[in-house]
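**Student:** I am attaching a structure below and will ask some questions about it afterwards.
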Amino acid sequence: MEAEDSWQEQTTTTGPHAGKSWWAWGRVAELRDLLQELPGTFGLSSELEQLRPPAVREVGQLLPKPRIELGSLPADVRSYCTDSDFERLFHSRGRDVTDVIASLHSKLGPIHDFVAYPSSEAEVAAMLHICSQRRIAVVPFGGGSSVVGGVEPVSADDGFAGCVALDLAMMNQVLEFDETSQCVRVQAGIYGPALEDILRQRGLTLRYFPQSFEFSTVGGWIATKGGGHFATGPTHIDDLVQSVRVVSPNGTTETRRVPASGAGPSELRLYAGSEGTLGVITEAWLKVRARPQTRASATVVFQAEGDADAAFELGAHCVRDMSQTGLQPANLRLVAGPEVVRSAGLAEPERKLLATAAVLLIGFEGQPGAASVINSQLSYLLAMAQQRGGLVVSQKLAEEVSQKQESTGERSGIAGSWGKGFMRGGYHMSAACLFPSVLVNTLETACTWASFPALHRAVLHAARTAMKRECGVQGEVTCRFTHVYPDGPAPYYTFVVLGLATTPGADSRVKMWQNIKRDVMQAIMEHGGTSTHHHAVGKLHLPQYRAERGALFGPTLSAMKAAHDSAGIMNPRLLEPSIRVPSKM
């Protein structure tokens with residue numbers, strides 16, 4: 001009973017985020033249960049030292065007093081604001097491993113002074129008006145799944161009177177359907193599962209499933225220009241958005257609803273990826289489609305004489321050729337074998353097979369009547385894989401089904417096991433932080449096919465060298481392609497270090513990771529990669545973002561910022577931190 005109470009003390013029972021952890025990914029009940037399977041995932045001893053997460057009441061005693069008293073706000077604005085300990089803690093950090101480790105040690109850093117939950121555009125506008133007048137920084141907040149420092153408040157010495165997290169969780173409705181055009185108008189605070197539940201009732205789907213799906217919102221997806229789960233075709237959220245509506249300190253604007261336009265620079269894409277620096281995305285028209293009714297899938301293994309790195313490069317050559325066929329499979333994901341081995345549920349023969357291999361997961365989906373076409377496309381890609389040395393270890397062909405049925409692809413074996421582990425990745429990362437001898441984190445990029453071989457080898461070398469230097473033990477780095485395009489892949493790297501030396505009261509993992517990531521990001525930038533493919537810029541990737549953008553784009557961002565937010569209050573220091581507004585307006 002005491003252990004159960006300790007977990008409940010890490011959350012709240014009221015409000016939109018009831019049941020969620022203040023310091024970790026997701027819900028405390030699921031995180032607690034997952035800890036039972038974590039040793040098997042990473043091969044950990046059940047006897048390892050484990051940190052005790054601090055309760056809200058404990059950390060609350062360390063919180064700085066809010067610089068903005070709620071009583072000083074107008075009554076109509078104050079009515080949708082809170083400065084409770086849980087709300088301030090929950091909204092002041094994202095969910096990167098560095099955030100989680102710092103929170104576990106009660107190293108809080110800057111904290112939001114209060115949290116606002118507007119339920120209408122009028123309330124958003126009223127809050128921005130007050131904040132502009134009083135020079136209070138505003139950080140728009142979706143689900144808080146940022147891993148790049150995108151939701152952190154400004155520091156107390158940054159020239160602002162205070163900082164508020166503006167959470168759109170109460171603006172969570174589907175407002176309008178245009179089924180003729182296959183579009184839907186939604187409020188930006190709606191979460192992924194709630195949106196799909198409503199679309200499913202009409203046989204529709206947005207077909208956008210990022211790993212953060214359960215704990216992220218439409219507004220957050222657009223503001224960070226996120227990428228979904230599907231590996232080819234339209235998978236970035238800006239490919240699925242028809243129009244947005246934005247409330248900024250300088251006014252409200254809405255882009256025109258058209259399927260495409262050649263009228264000047266894209267106004268819509270100005271807001272996709274703006275990371276809350278221009279205003280608050282309050283609504284969007286999204287492009288939906290009929291839910292797929294039939295699926296086909298297969299798993300292919302590449303081997304190269306016991307060399308996992310060589311096997312991955314062999315698979316990468318095959319994926320490049322597949323991506324340039326003109327086909328758009330829903331899944332075309334190459335995963336390093338050792339990464340798949342970490343997935344729960346694999347039998348020993350499968351684990352042994354994959355330890356030095358690479359795995360290619362292929363999937364197609366379509367509507368009733370498309371089964372023969374899908375099967376033909378799958379067979380074509382499998383023939384390509386076999387010609388390039390791939391071993392087809394499983395496949396499931398599509399079957400014709402009725403309109404009311406949905407056929408599924410592989411849900412067992414290697415593909416099913418990896419897929420289940422993938423969607424629980426956020427929980428695994430947070431749970432691993434509880435063990436001081438374990439360091440797990442990820443980063444991602446995108447590059448051309450011509451650049452990939454040299455970039456990939458440079459990343460592996462930089463990672464292995466830095467992990468050994470920083471951690472004192474040799475860690476493991478693995479790669480997977482989250483997305484592939486005809487002109488290049490999006491490599492996603494996972495770093496796992498086990499057996500770190502631990503000292504009571506000291507935890508150096510944040511510094512270790514920062515140094516490892518610094519070296520790896522340098523290798524990426526030197527070999528033609530981007531600072532981020534789908535994690536956003538935030539604060540963590542700002543140096544690399546500056547390096548990769550054109551010479552005139554920084555001043556262009558500054559001009560756009562001034563047009564939308566002349567007071568400079570919207571998520572200050574992101575994208576273009578050189579913007580400065582005098583402290584006395």
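Cβ coordinates come from backbone N, Cα and C, glycine included.
Just so you know, TrEMBL annotations never went through curation; they're auto-generated.
As annotated by TrEMBL, active site, proton donor/acceptor applies to Y492. Under the heading FAD binding site, TrEMBL lists P140, F141, G142, G143, G144, S145, S146, E275, G276, T277, L278, G279, V280, I281. Per TrEMBL, the feature domain 'FAD-binding PCMH-type' maps to 108-291. What TrEMBL lists as site 'Important for enzyme activity' is R333.
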**Student:** Output the one of P140, G276 that, of all these binding-site residues, has the highest number of other Cβ atoms within 10 Å of its Cβ.
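**Tutor:** When each Cβ's neighbours within 10 Å are tallied, P140 leads.
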**Student:** The domain 'FAD-binding PCMH-type' (108-291): mean pLDDT?
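**Tutor:** Taking every residue of the domain 'FAD-binding PCMH-type' (108-291) together, the mean pLDDT is 96.
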**Student:** Which whole number of Å gives the largest C-alpha distance between any two of P140, F141, G142, G143, G144, S145, S146, E275, G276, T277, L278, G279, V280, I281, the residues noted as binding FAD?
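**Tutor:** Roughly 20 Å, rounded to the nearest whole number.
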**Student:** Could you give the Cα-Cα distance between the residue listed as 'active site, proton donor/acceptor' and P140 (FAD binding site), in whole Å?
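**Tutor:** Computed Cα spacing between the residue listed as 'active site, proton donor/acceptor' and P140 (FAD binding site) is 27 Å.
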**Student:** Give the distance between the Cα atoms of L278 (FAD binding site) and R333 (site 'Important for enzyme activity'), rounded to the nearest whole Å.
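**Tutor:** Between the alpha carbons of L278 (FAD binding site) and R333 (site 'Important for enzyme activity') there are 35 Å.
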**Student:** To the nearest whole angstrom, state the Cα distance for the pair G142 (FAD binding site) and R333 (site 'Important for enzyme activity').
**Tutor:** 28
**Student:** Can you tell me the CA-to-CA distance separating P140 (FAD binding site) and R333 (site 'Important for enzyme activity'), as a whole number of Å?
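**Tutor:** Between the alpha carbons of P140 (FAD binding site) and R333 (site 'Important for enzyme activity') there are 33 Å.
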**Student:** Please report the distance from the Cα of R333 (site 'Important for enzyme activity') to the Cα of S146 (FAD binding site), rounded to the nearest angstrom.
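**Tutor:** For R333 (site 'Important for enzyme activity') versus S146 (FAD binding site), the Cα atoms are 23 Å apart.
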